[in-house]
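If you check Swiss-Prot, you get these features:
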- 39, 64, 65: Zn(2+) 1 binding site (BINDING)
- 41: active site, charge relay system (ACT_SITE)
- 44: active site, charge relay system (ACT_SITE)
- 94, 97, 100, 108: Zn(2+) 2 binding site (BINDING)
- 176, 196, 201, 271, 272, 273, 295, 296: NAD(+) binding site (BINDING)
C-alpha cells in the first residue's frame, strides 16, 4: 500500500508504494484512510529534531490525524460496522493501570501514540483497536473529522474551566490556539485576547472572534510584553485580570506574562510543550491563588462527545482548514505548514 514514512534518520518524509498491509486482530478495526491532516508533531518528525531523534523508531509510518471508512473488523468487534465513517483516538492506553480502570484513560502512564511509537495514519490503511475508533456523525465532513485530534486538544484545554462570561487569554495562535478562540466564543466568553508572532494567524484569530490579537514580536522582553498587555486590558475595559488562561505556546515569556496578568483566583490550562526548562514566578501562583492544570491529549471519550455535540450545535470550524491537497502533493503540504501561513492542511487519500 501507499504510505508516508520516516525511512532515514535525517530531515524528510518519504512516499513508499510497497508498505505492508496492516493485519487486524480479534478486537481491531481496519480503516481505509480518506483524509489526513498534518500536525505540528509531524513537522518535528519531518525536521528530525532532538525530540524526534530520541522518540521515533525508523522506519515508521507517521501521521495520527485522520478520517476514513471501516472496511474490515475482528470477530470481537460490535461497536462499529463495515462502511461506517470513522476517526479515532490516537493515544493507545494499557487498560490495566489505576487510571485506565477508573475511566481516566487520558492519564494512562503507558500511553503510546500512533504515528509516533507505532505505525500511523499516513497510509492507505490503518489498524486500530475498536475501543479507540470513533464514528463520525453524518453532519460532519471527513475534512473536519480529520482534525478531531487537535480540535479535541483545544476542547480539553478550553473546557477544563468555565468560559461563560469570563475574560480569556490565549497564548499561542497555532491551529489549536485558533480553535480555542472559536470554542471560547461559542461558549460565551466575554473578552478573548490572543498573542503570537505570526501575523497571518493573528488575523485568523480576529476573524474567528478574538477581541484583540496581539503581535508579541514587537517586544524585547517579558516586562515589555506585560506592560503592553496591561495597556490592551485597559483599552478593552478590563479593570482586574484574566479569569482563564489557555497556554498553547510553551514559551517562557508567554507563560510569565500570563501569570502576571491573571486575576486572583484565575485558572490556567497548560497545553504548550516547552523545548527546555521553564522559569516562573512561584509567588504569583501562590499569592494569586491560581489553579493550574496540565493537559495531555483528549479525555476519552468525553472530549469527543463534547466536540461533536458543539459542531452539531453550530460551532463552525471549517475556516480552520486553509489548504486541501492530494496526497501526492504532500511535500507542498509540509512546506505550507512549515511556513506558518496556514491553518490546517488536509491531505486527500481518496482521489
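Just so it is clear, glycine is given a Cβ too, placed from its N, Cα and C backbone atoms.
Values in this document were obtained by computation on a predicted structure and should not be read as measured data.
Recorded features from Swiss-Prot, shown on the structure.
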{"residue": "39", "record": "Zn(2+) 1 binding site", "Cβ contacts under 8 Å, 6 or more apart": "63, 64, 65, 149, 150"}
{"residue": "41", "record": "active site, charge relay system", "Cβ contacts under 8 Å, 6 or more apart": "64, 115, 116"}
{"residue": "97", "record": "Zn(2+) 2 binding site", "Cβ contacts under 8 Å, 6 or more apart": "108, 109, 110"}
{"residue": "176", "record": "NAD(+) binding site", "Cβ contacts under 8 Å, 6 or more apart": "150, 153, 154, 157, 248, 271"}
{"residue": "196", "record": "NAD(+) binding site", "Cβ contacts under 8 Å, 6 or more apart": "171, 172, 173, 174, 177, 202, 205, 213, 214, 215, 216, 249"}
{"residue": "201", "record": "NAD(+) binding site", "Cβ contacts under 8 Å, 6 or more apart": "173, 174, 177, 178, 340, 343"}
{"residue": "295", "record": "NAD(+) binding site", "Cβ contacts under 8 Å, 6 or more apart": "153, 156, 157, 160, 269, 270, 271"}
{"residue": "296", "record": "NAD(+) binding site", "Cβ contacts under 8 Å, 6 or more apart": "106, 107, 111"}
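Here the binding-site residues are 100, 108, 273, and the one whose Cβ sees the fewest other Cβ atoms within 10 Å is 273. Comparing Cα positions, residue 273 (NAD(+) binding site) lies closest to 44 out of the recorded positions 44, 94, 100. Working note on the recorded positions 44, 64: by count of other C-beta atoms within 10 Å of each C-beta, 64 ranks first. Between the binding-site residues 94, 271, the minimum number of other C-beta atoms within 10 Å of a residue's C-beta occurs at 94. Checking each of the binding-site residues 94, 100, 272 against residue 44 (active site, charge relay system) by C-alpha distance, the shortest gap belongs to 272. Residue 272 (NAD(+) binding site) and residue 100 (Zn(2+) 2 binding site) are 24 Å apart (CA-CA, integer value). Set side by side, the binding-site residues 65, 272 differ in how many other CB atoms lie within 10 angstroms of their CB, and the most is found at 65. Taking the Cα atom of each, residue 94 (Zn(2+) 2 binding site) and residue 272 (NAD(+) binding site) are about 25 angstrom apart.
Secondary structure at residue 65 (Zn(2+) 1 binding site), as computed by DSSP, is strand. Highlighted in sequence order, 93, 95, 96, 98, 99, 101, 105, 109, 110, 111 have their Cβ within 8 Å of the centre of the Cβ atoms of 94, 97, 100, 108, the residues recorded for Zn(2+) 2, and are not part of that set.
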